[in-house]
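What TrEMBL records for this protein:
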{"type": "TRANSMEM", "residues": "A:6-24", "note": "transmembrane segment"}
{"type": "TRANSMEM", "residues": "A:31-50", "note": "transmembrane segment"}
{"type": "TRANSMEM", "residues": "A:56-75", "note": "transmembrane segment"}
{"type": "TRANSMEM", "residues": "A:87-109", "note": "transmembrane segment"}
{"type": "TRANSMEM", "residues": "A:115-135", "note": "transmembrane segment"}
{"type": "TRANSMEM", "residues": "A:147-171", "note": "transmembrane segment"}
{"type": "TRANSMEM", "residues": "A:194-216", "note": "transmembrane segment"}
{"type": "TRANSMEM", "residues": "A:228-246", "note": "transmembrane segment"}
{"type": "TRANSMEM", "residues": "A:282-301", "note": "transmembrane segment"}
{"type": "TRANSMEM", "residues": "A:307-327", "note": "transmembrane segment"}
{"type": "TRANSMEM", "residues": "A:339-360", "note": "transmembrane segment"}
{"type": "TRANSMEM", "residues": "A:372-390", "note": "transmembrane segment"}
{"type": "DOMAIN", "residues": "A:415-539", "note": "domain 'RCK N-terminal'"}
Amino acid sequence: MTGSLLFEAIMFLAGAILCVSIAKKLGLSSVIGYLLAGVLIGPYVFGFIGEEGDDILHFAEFGVVMMLFLIGLEIEPKNFWNMRKTILGMGGIQVGGTMLVAYILFTLLGFEFKVALVIAMAVALSSTAIAMQTIKEKGLMDTTFGTSAFSILLFQDIIVIFMLGFIPLLANPEHNTSADAHSNSVSLIQNLPMGFQTLAIILSVVIIIVAGRFLIVPMLRKVAKTGVRELLIAAAFLIVFGISFLMEFVGISPALGAFLGGVVLSNSEFKHELESTLEPFKNLLLGLFFMAVGASINFIVIAKSPFMIGGVLVAIIVIKALVLYITGVVFKLKLDQRLLLTFGLAQIGEFAFVLLSFAFGLNILEQEQMDMLLVITALSMSLTPIISIVNERVILPRMGTKESVQRPMDHIAKSQKIILVGFGHFGSTIGRFLRSHGVEATILDHDSNRVDFLRKMGFEVYYGDATRTDLLESAGIAEAKIVICATNKIGVSKAISKLVKEKYPHVELMIRTKNRYDAYELLNLGHTNIYRESLDTSLLLARDVLSKMGFRKYTLNRQIQNFKKYDEDSLRRLAQEPNRGESYIFKAREELKQQEEFLNEDFKRGVVDFDKHWDSEHIRKTLKKSKSYTL
Amino acid sequence: MKKILVLFAHPKYEKSKVNTALIEHIRGKQNVTIHDLYEQYHDFHIDVKAEKELLQQHDIIIWHHPFYWYSCPPLLKQWIDMVLEFNWAYGPEGKALEGKICLNAITTGASKAMYCSAGINSFTVRQFLRPFEQTANLCNMTYFPPFAVMGTHRLTDDILEQSKIKYGKAIDLLQSNVTLDDFDQVSFLNDVSQLNTI
């Protein structure tokens, strides 16, 4: 029964749905739900998932791979450079400090120096998957804690490359021949001489960067031109799988490759599209990954030496927490932010699996050591959400300061975000005018040629179908203040406005319509900020005609304002009538008749009659009527 | 011959019989530039640089406007606010208008009799014009008595005719080399003897 792939898939999905719903209901992080599901269906509790657990873990790593790809996408090299001090400083202190203390600890425990060094490296890394998932779930990305954690994790993700390059240098040369026996993956570099292994890793990184620029982006543009949406999904997967394969082929972590690939593509117009395409898959696969971690907690190993494992686990978490706390002190984080950081990153990360099995493959570690460390890693990851809950519910409330008050000023602009949909002639004018006032809008457009061109002109434009919730979400609609629908397709505007109104009622909508009939529809859907493109320009033209006929410009300007007010009022009244049918036609006729009357009256009175004070003739007439009043 | 710039500000010029008569009468005079602010800056978007250049090309500045609520219409005030810049028109470096002559040419609905302590308006026109006078002083300009057509609410065609001729004469007079000393006894340009001799 357990051999059936379908059955396992059913177990995974059912377990996830059940446990995550329960976790969420209890107000816990979804990560706990997944881990618990993994433990339950794993070989040691119900045993639904058997020996294949390893394969599942391998497959589930795609979740981590995609997450790192997406993290990479979010880091534009420019931002990366801006953050270099925090990344290097905080990351350096954290990794260096943890490695040092852990190395001393494991040497004292009697491990050989090479083994202790490898373990120290593995222990220094935290779990990007767990930490980022939790941070995003709680919406803490913009806090000091969020950026600090992000910087540290980023540093770790990068330093892993060097660790992977360094570990082969520790391998015992006499065991090297047997290395192949352990390794069951196709790996190129393990057969190379040691110096070349490091070189190969650097080379593959360069390949990814170059390919990203000159191969992937042009390919995406071609795919986008076809207009077939699923092709873009396919392309997104092709990128992630392709990079992963290349990295695995060379023998280093596919997650790192994906991260680099993400960074390379972060400057392209496909950023948001890729993000929104992969996001749902990423979350499911990450869930699978967490379940696999839960399932791989080997209770037999634990049972063999519970105190040893428990002791080491506690020791590692304490070490990591201490180093993180000190890092927080050095970088002058507020106490609450510091505590969040301390407990948020105190676990061992998924890269430990990679590093440890890599070292095991090179015969640096023994089976027993590896088993123990894998269990400790999985346990420490499982403990993180629990520790965080204790921190949030017991420790932080006693500390007083709430993070929301401490938000730095520069996030105000970010939370006042404007999203501009459609960058044609209409939208681009809006965009240029906003930009000239220092207001940057996130621009979405569906024409990849135009997007390409505009990006060359230096605009921040993204390719994508804005009627999709996920794309709007990745464009940051949750924090947006205004969405401008500048597209000329009323269907698109209607779809967007419906979606925004339902899901993000706090966001103000400003919608372009071609004519009054489209305006009626939108007014009836409850939208109030309607801009008829036919109104202003035609009045400007009429104004200039009258000016050439000898009417005064200031007067005409004021008349335009009057006319617009008449017209907007009548538009709103008319919109309430059913759009078709006699009633509308009757009402419309009546309105048009009324408008004609307005115009006629204006004409008879002379053009201007809205400001009697400036009209001496009017005053004179009134005075004639009441001769007694002296003025 | 002195060059005169008439800064004309009327938000509803097409409805003003008196101002139309005055402006049309002096239009086309040699060395007189009529600058219709409400036509030029109908959106209140004043081109300050162009205005400064215009000012520098002229010797006499006339603020020609109806007397609305004891002051000028908003666009002329806007003009004053924007064009007479610190350190250009006034301030330690502000010498651009030094020595030029400045005056108001106004039309008022109420008659002269009502602009006095006993009248409905309690103060004289000269008193109400103090802000303009001081503006001119601050800019180191010589402020001349105003030219005023008053009581326009009840103005007869005859008097309107005389008024526009008088305005034309006043322009001529200003273009000859008159100084402030020539106006010792008068509070309005209208009362200068030269304008009243046919």
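Counting begins at 1 with the first residue displayed.
Each residue, glycine too, has its Cβ placed from N, Cα and C.
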The transmembrane segment (A:307-327) touching the transmembrane segment (A:372-390) per 3+ Cβ pairs under 8 Å rule: yes
Tally of residues which DSSP labels helix, strand or coil - the domain 'RCK N-terminal' (A:415-539): 60 helix, 28 strand, 37 coil
Cβ contacts the transmembrane segment (A:228-246)/the transmembrane segment (A:339-360), at least three under 8 Å, sequence gap 6 or more: no
Chain residues outside the transmembrane segment (A:307-327) and at least six past its termini with a C-beta under 8 angstroms from it: 90, 93-94, 97-98, 101-102, 105, 109, 123, 126, 152, 301, 338-339, 341-343, 345-348, 372, 375-376, 379-380, 383, 387
Winner by Cβ pairs under 8 Å against the transmembrane segment (A:282-301), considering only A:31-50, A:56-75, A:147-171: A:31-50
Recorded stretch, among A:6-24, A:31-50, A:147-171, A:194-216, A:339-360, maximising Cβ pairs under 8 Å relative to the transmembrane segment (A:115-135): A:339-360
Candidate ranges A:31-50, A:147-171, A:194-216 - greatest C-beta contact count to the transmembrane segment (A:339-360) (under 8 angstroms): A:147-171
Beyond the flanks of the transmembrane segment (A:31-50) by 6 or more, those residues with Cβ under 8 Å of it: 2-3, 7-8, 11-12, 15-16, 18-24, 56, 130, 133-134, 286-287, 290-300, 381-382, 384-386
Outside the transmembrane segment (A:56-75), six or more residues from its ends: residues with CB under 8 Å to it: 8, 12, 49, 128-129, 132, 154, 157, 239-240, 243-244, 254-256, 258-266, 271, 274-275, 278-279, 281-282, 284-289, 291-293, 295-296, 350, 353
